[in-house]
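Take a look at the structure set out below.
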Amino acid sequence: MVQLAEVHSLELPKYVAVEFPANVKDESKAIEKVGGPEAIARAAETKETPLELRLRDDPFEHPISSRLAQHQNILLKVTVAKRHVEAAKGDIRKALELSEGRYEAVPAGIIDSNFRFREMADYQYNTKDSKFATKFRESIVSGDLEAIKKLELDGVNSFEVDNLDVVPPPRFSNMHYAYPYAYKQNPAVTVVDDGSGGSKLINKNAALKLDSVIIAWKDEAPEGPRKKLEEPTGDIKECVDQLKKIFSERPVWTRRGMLAHLTDQARKALRQAIPHVAYMYKSGPYRGGYVRYGVDVKSSSEYAIYQVEHFRVFSQEEERKMKQATNRRNNVYTFDGVTLPSSAMIQFCDITDPQVTDILAKAEYREKPDQNDGWYVHRYINTVRSIVRAKLQALKNDTPTSDPSVQDAVRNALDEFEEAAYNNEVDEDASYTEGENEEGQDNEAARQEERPVMQDEQELLKKVSAVTGGAEKELGDLFGYVRQEDQMDKVSGYNIMGESSDDDDDYSD
């Protein structure tokens, strides 16, 4: 006799799950908080009415609404020894761990409706002290017909702005869900050693906070940093030590000069190390120079040799190319009259050209330094500027300084110097002020550059006059117009030849 196989129903019971957003100790209370079994059945059947979670007994409370997730999940019935459940104090996950795999799990049904509470709770308004809300709750909300008949509302004659007794709105906040900020660590922030065995966070891309001391010519020389600086560590400390050594050799340096005496590692920390050792002038005869703390270059003429001169012989593009091509370890910051230096900002103490050092050696000093010429009497520093400028211009154009045209310019400068000394020329001590001319050295440079141009114009006008007999006036007017336009262009940053009128930024990055 053939026996048929046992029939098993494929229809498993279906359940509705409610993810209650709290620790449930009493299931009946949890069901009551979401409206009771009837509310759950109605929401599962219609699939449109959400469950509302009310955590306190107040009809004016703003409930937390659920969202229905229709995903089919399997409901498992897990059987584990009672002793493990008691030992785990009701923690099912821990009870399963204590059972060491000795438990039984069988499918009990399918969950096809899952109510989840993901909304944020809205702001709540307590109506306990509201007379109107109390009357409304005891009559309309309670459904007591007799109480509804006896309900009387006070007439409103005027409104009080403070503590107005009204029913709260259905909702205060329009934000139902928490915003996904997705906070992450800044990739530019890294952990570094703080030098004391600990660690700290730094932003690699943040601009360096430098405490540089930069003063004007009229300011008093500082004795030290303006505020207490952090104790230098690592490369900064190494750079500070090297700077102290070179500043002990002489009190004033340009940035290029310092770079030439620092190691490769120390040069990287120069900007952070300088505020520990020196301050900088932004105007006057030491403009762009770094002076050791405690040294007042205006106190004695012994500091005259450390004055800084700026020569406008390089265009902006030429200066940029020079900075790119210069090997900072072997950069040429001195001027010997033969080799083109890597910068047009030169200290007198770094000049080794005999024609210039002879003049500096016999130079006369002022009683007090001038903002334009510093300690030197005008005719001496004017001659030095003329000679150095003529040679720099020649070296820039790949012309040796021994060329007759260069030597002629040098002789003209020396002749003017001797003539001024012979005539006992009164020193042109211009009374420049900080607001009128912070860069007074450039005025003399402009005058020197203009002289050969004026001489060429006069020669040309004489030749034109000999040929045309009258057209020289119109040509002279044209020259004047060109000079005027050139000056306007210089104010804008460039002269008529396309050269930058900006100063040498050797001391800035």
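Cβ from N, Cα, C; glycine included.
Feature list (source: TrEMBL):
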- 422-442: compositional bias 'Acidic residues' (COMPBIAS)
- 444-457: compositional bias 'Basic and acidic residues' (COMPBIAS)
- 500-509: compositional bias 'Acidic residues' (COMPBIAS)
- 16-126: domain 'Transcription factor IIIC subunit Tfc1/Sfc1 triple barrel' (DOMAIN)
- 167-312: domain 'Transcription factor IIIC subunit 5 HTH' (DOMAIN)
- 422-457: region 'Disordered' (REGION)
- 487-509: region 'Disordered' (REGION)
**Q.** Counts of helix, strand and coil residues, the domain 'Transcription factor IIIC subunit Tfc1/Sfc1 triple barrel' (16-126), according to DSSP
**A.** 31 helix, 33 strand, 47 coil
Q: Mind looking up the mean pLDDT for the domain 'Transcription factor IIIC subunit 5 HTH' (167-312) in the predicted model?
A: 88
Q: Run through the domain 'Transcription factor IIIC subunit 5 HTH' (167-312) and tell me, per DSSP, how many residues are helix, strand and coil.
A: 39 helix, 25 strand, 82 coil
